[in-house]
Amino acid sequence: MLTFLTRRIAAGIATLVVAIFLMYLLVDLAIDPLADLVDSTAPNKAELIQARINLLHLDQSVFVRFFTWAGHFITGDFGTAWKTGQEVGPLVGHAIGSTLQLVTAATVLSLVLGVAVGVVSALRQYSTFDYVIIFVSFLLYSLPSFWIAILLKQWGAIGFNDFLADPVIAWPTIALFAVVSGLVWMIAVGGSRTRRIQTFAIAAVATFSAVAFVQLTDWWSTPHFGPVLIGVTGLALAFAVSGLSAGFGNRKALYTAVTTVLVGLVLYYPMQALFDNVDESNLLIAGLAVVAIGIGYLLGYLFRGPDWRVSSRVGAIVAFLVASMIYIDQILQVWPAYFRALKGRPIPTFGDSTPNLGGNYWVQTLDSLTHLLLPTLTLILVAFAAYTRYSRSSMLEVMSQDYIRTARAKGLNERTVVMRHGFRNTLIPLATIVPIDIITLIGGAVITEAVFARPGMGALFVTSLQHAEIDPVMAYLVITAALAIIANIVADLVYAAVDPRIRLNP
Amino acid sequence: MSTSPVENLEPERLENAIELKDVEGLSQGQIVRRRFFRHKGAMAGLGALVFVILMAFTSVGVGPVEGWWTSGNPSHSGGPADIINVGGTPTMSMPTWLGGDGFAIGDHPFGQDEIGRDIFTRVMQGTQTSLAVMAIIGLISGLVGVLIGSLAGYFRGWIDTWLMRTTDLFITVPTIVIGAVIGKIAGGVSPWVFAFGMGLVLWTSLARLVRGEFLALREREFVDAARVAGASSPRIIFKHILPNAVGVIVVSTTLLMSSAILLETALSFLQFGIQPPAVSLGKIISEYQSAFSTRPWLFWWPGLFIIIIALSINFIGDGLRDAFDPRQKRIPSRRRMDKARVVARPTVAGATPSGTTAQGSSEA
């Protein structure tokens, strides 16, 4: 283990040094810091050029410049972006923060959605649902991301803002939406003819009443959850989570889940008082989330039973979901004020925050969420396709293994076979690509950030390369390359951790 | 899925019988070709791609040769011209049964931009460039990838170590980043140089796959047999191992080309790829993105062509993968199953066929 790590890290550092050296040469070849001066008509053109050459030491050979730069870099001096005179260190720091905001939500959401859809699609191989999903994932996979981004920016944002100004959906549209949702659920769940008709009816009626509720209560102007909605959604989630994770046969898990939701409801009003009287920060919210998960876990433990760990797991998941709903409810409470402050155009198309907005923690959070909405959607659409295809093929592979047949043969019910024997093994190959994906994305969703003008890592790279500033470009390259190497080592370790058949030391 | 193994045996055996009968007396190449030509998605993709290629190259012509669209009509040259419709809206209209004013192509079917350039001409020129760049990237990175992968996999030892270290070097930097740098150097020169440069960057995943394939194949008996018979290394590589690895190579090169066109358009969009006077689909979108709210057709058409090309290549790649995959089985229709059942076991003829669950097929 230790030898493996040492060897990999040493090899990684060697690769990094060589890669950075080559990239320095390439970037130096690619940029021309004198481009703007060569075409200038200033009378003192020659002196300006000479001054620029002195500033950037262009008279020295590129090798000398590389070693000067590398020496400074190792001692912690990342250089300056010479056009604006900004230090690269703080520049990169801010960029990473902005990128992390964008990437986290997008990765988590696309992973959850992609894996869920991929697994269902694999379970219903050769069904209509399967074919629809294959086609949709192919289509999303073939969409140029800059095209989706512009479309969302120029069309989605403006359309949604117009809609929010007068949030009324025509009733035929709602009915059509309900029918489509019913059809999707019908082909996803499948089964016999009666089962299909039942699913269709339930899904269509549920969608219709949900949208009608939103419409009739004027939800769009004052979006909120409130204790009633949290209670209803929480109970639905409690049943879904315990049904999937423990099976309905496990009553203790179900009781834990329901109790957790009730505890969350009881805590709703005290939490409102708490949020009104405390100075919030992300740290505090994270702490509260941990407390919530702890409560759920504890409730599972209190129900005892032979396998209380299962109940605890269910309790923790449900507690986290209910706590998230309370949190989102709190954010949405400032929506009307935010809506007025932005003069009724709340969905922005560029940047990562509204300048000079002011307001408390909740307003700031809502503001960054609205800025995240469209870029996150763009990233999800692209990543969703990849994860769906990957988890589908992985699940197909797993479900044709002998141990699945054995599990069926010994009489396990279908839920246990799929969730415990199939699903878990499906995640093994995913465990190796997800760390690489996440860490690569920290290098910035270059295109998305460029289109939405989010000041993240990718945008830093693009603008610096366009401005012919080598220092920020190189700082960016060192960070992404180092992260890529770390990601590969992490992926190997994760693979070995989840699959005991893999041994790191040959 | 939930059929018990006992019920499953019968249809699976029948499917095997049908499959075997289907491929009786055919060579491996013939089987692959047959499977490919029967793949509906791949055939649709191939049709769409051929249509786009023909349209792009015949309409505006290649080099000095005039195409049917540009010849004899100066307003189709791609340069400034009089604007026909107000604002340059497309002259193409839908048939009446689709809610249009009757089907017509008109003089500028895809519309015109603010100085009257014909968008159809520009999109076709852009499609030509993008297709050519894509083909060159596929060719170059395919050649380099196969060369490096096969050398590393066949000779192993220090050659393998060094070649794979080189591959690691390329992998540490994200493709779009290294592509942007290469594009900044080569994009301004000409699309061909740009494509060549990108080809020299994108071979890494193919090289790894080919190396893996070679590592597995070189231990097989037929390679030992060839070596014992005195075959030289080049002969073993080209005559014995490479033909067996051709599936992996073809499939991943195809899929590489679909990501290549997306990469090229994205780089051109970010101003790091194709530079004027050359036109590419990404470049057109980048030029016109600010005009989206006033002239949306400037944005729709180039995007649509990127999607058609990328989608059809993805489908072709999928069809190729299914065709080369020896575990791939087609699910026979119910009628053929019944027929085979009668032949195989006349006594159970007429038994209701249980759900056709063909397992063992995979789609990565």
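Each residue, glycine too, has its Cβ placed from N, Cα and C.
Marked as transmembrane segment by TrEMBL: A:9-27 (among others).
Positions annotated as domain 'ABC transmembrane type-1' by TrEMBL: A:96-495.
Residues or ranges marked as transmembrane segment in TrEMBL: A:100-122 (among others).
Positions annotated as transmembrane segment by TrEMBL: A:129-149 (among others).
Sequence-distant neighbours of the transmembrane segment (A:169-190) (same chain, 6+ residues past either end, Cβ-Cβ under 8 Å): 120, 124, 127-129, 132, 196-197, 199-205, 207-208, 211-212, 215. Marked as transmembrane segment by TrEMBL: A:169-190 (among others).
If you look up TrEMBL, you'll see A:197-216 (among others) marked as transmembrane segment. If you look at the transmembrane segment (A:197-216), the same-chain residues 6 or more away from its ends with a CB under 8 A from one of its CBs are 167-169, 174-175, 177-179, 181-186, 189, 191.
Among the features that TrEMBL reports, transmembrane segment is placed at A:228-246 (among others).
Look at TrEMBL and you will find A:253-271 (among others) tagged as transmembrane segment.
What TrEMBL records for A:283-303 (among others) is transmembrane segment.
Same-chain residues lying 6+ beyond the ends of the transmembrane segment (A:310-328) with a Cβ under 8 Å from its Cβ atoms: 225, 230, 233-234, 237-238, 241-242, 245-246, 250, 252-253, 255-257, 259-261, 263-264, 267-268, 271, 285, 288-289, 292-301, 303. The annotation transmembrane segment is assigned in TrEMBL to A:310-328 (among others).
The annotation transmembrane segment is assigned in TrEMBL to A:372-390 (among others).
With a cut-off of 8 Å between Cβ atoms, the residues of this chain six or more beyond the transmembrane segment (A:427-453) that come close are 95-96, 99-100, 102-103, 106-107, 111, 115, 145-146, 149-150, 153, 349-351, 374-375, 378-379, 383, 387, 390-391, 394, 459-462, 476, 479-480, 483-484, 486-488, 490-492, 494-495, 498-499. What TrEMBL lists as transmembrane segment is A:427-453 (among others).
Panel annotation: around the transmembrane segment (A:473-498), residues 5, 8-9, 12, 15-16, 19-20, 23-24, 27, 31, 69, 73, 78-79, 88, 92, 96, 427-428, 431-433, 435-436, 438-440, 442-444, 457, 460-461, 464-465, 504 of the same chain, lying at least six beyond its termini, place a Cβ under 8 Å from a Cβ of the stretch. The annotation transmembrane segment is assigned in TrEMBL to A:473-498 (among others).
Long-range contacts of the transmembrane segment (A:372-390) within the same chain: residues 101-103, 105-107, 109-111, 113-115, 117-118, 121, 133, 136-141, 143, 145, 148-149, 152-153, 156-157, 347, 349, 352, 429-430, 433, 437, 441, 445, 448-449, 451-452, 454, each at least 6 residues beyond the stretch ends and with a Cβ under 8 Å from a Cβ of the stretch. For the transmembrane segment (A:253-271), the residues of the chain that approach it from at least six positions outside its boundaries are 227, 230-231, 234-235, 237-239, 241-242, 245-247, 292, 295-296, 299-300, 303, 310-312, 314-315, 318-319, 322-323, 325-326, 330, judged by C-beta separation under 8 angstroms. Below 8 angstroms of C-beta separation, residues 62, 66, 69-70, 465, 470, 473-474, 477-478, 481-482, 485-486, 488-489 of the same chain, each at least six residues beyond the ends of the transmembrane segment (A:9-27), sit close to that stretch.
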